[in-house]
Amino acid sequence: MMNSSNIQVKQRGPYTYRVRFLAKENVTQDPEDNTVSFLQPNGAIFEPSLSVGTEADNFTVLNLAVAAASHIYQNQFVQMVLNSLINKSKSSMFQVRTLRELLWGYRDPFLSLVPYPVTTTVGLFYPYNNTADGVYKVFNGKDNISKVAIIDTYKGKRNLSYWESHCDMINGTDAASFPPFVEKSQVLQFFSSDICRSIYAVFESDVNLKGIPVYRFVLPSKAFASPVENPDNYCFCTEKIISKNCTSYGVLDISKCKEGRPVYISLPHFLYASPDVSEPIDGLNPNEEEHRTYLDIEPITGFTLQFAKRLQVNLLVKPSKKIQVLKNLKRNYIVPILWLNETGTIGDEKANMFRSQVTGKINLLGLIEMILLSVGVVMFVAFMISYCACRSKTIK
């Protein structure tokens, strides 16, 4: 809600869904280039026992269609027409929607009056269930183990067509696993279709996960920095006004991969974002422990055994002289809608199996290596003693 010139937000939740539980589909091996292709089905099942309420809970949220109108349709005459339809549908800048409607879709009254074909169903993740992400084509490592799980193509391409230069490249894996023998000095590259880009993580600390030694890699603040601080990010800055000549940081404009809708992605509560982004929004409380993204990776196999992927979905709202409900806005706002905390960890049974089949055998190999080394040292010392004794007797 508006409070003076600021927008007031209040966190509610959690509301929990079980996701990524469906097995990969259309798995196809290609022996010629040593790759495997697959689709990742999308599905979400609400978990009431892990939620503070139900999918029928009401929320006062930004009106997604109205807020996006002035960005998608910038012609002033078109905005005048849209203004009359907004007024006729009795729509405003904010609306009350259930959780189910907000996430999975509702028929928007304003868009339903538009006299030419447009999608009238609006939802943050519409459509999601019964859809799939991909096709992914990844290397199986048969000819080169260092390429295991590296993405060759995504949807048949090696580039995304959203960004310029190296920012458009599809790098690394899908973060479920990495090539084996991970080292702490590595920068782990991975691609996330959720944020429409490749990104990276760096080593932070050693972690003991259910008796399994893992490396914790985190997304660094540098990955979200402005081109002023991190020149490699210059190609993620796609316009000069909202970004204040590419000096703002901590948010990513992904409108090109959202059919022109003014969607911005950030970390929750605008963690690592510049003051010009967060100051117009009241009610934020960013902290690294709760809002950063991390991956816990078993270094020998490269498997991700635990992760927390946190991201926030925001919508750009701009003043418009021709749209009455947006006319009195004092400035541009990047308004938080919700933030996601997608987590996963290896189960107890699988952890026991992993310890016995992988970690235990690796430790055994290490012990054998130490024993052989010790035997070698003892034999070498014994040889030197014998040699010195023999040499001593010869001198006498």
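Residue numbering: from 1, along the chain as shown.
Cβ from N, Cα, C; glycine included.
It should be emphasised that the depicted structure is a prediction, and the values quoted were computed from it without experimental measurement.
For Lys393 (among others), the entry in TrEMBL reads ubiquitin cross-link.
Feature annotation from TrEMBL assigns ubiquitin cross-link to Lys396 (among others).
Non-local contacts of Cys167 (disulfide bond) by the CB criterion (under 8 A, 6+ apart in sequence, same chain) comprise Arg197, Asn233, Cys235, Phe236. What TrEMBL lists as disulfide bond is Cys167-Cys235 (among others).
Around Cys257 (disulfide bond), a 10 Å sphere centred on its CB holds 17 further CB atoms from the protein chains shown. Annotation source TrEMBL lists disulfide bond at Cys196-Cys257 (among others).
The disulfide bond annotation in TrEMBL covers Cys237-Cys246 (among others). Cβ-based neighbour count (10 Å, all protein chains) for Cys246 (disulfide bond) stands at 16.
Positions annotated as site 'Critical for TLR4-TLR6 dimerization and signaling' by TrEMBL: Tyr387.
The transmembrane segment feature in TrEMBL is assigned to 364-390.
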Sparsest Cβ environment (other Cβ within 10 Å) among disulfide-bonded residues Cys196, Cys235, Cys237 belongs to Cys235
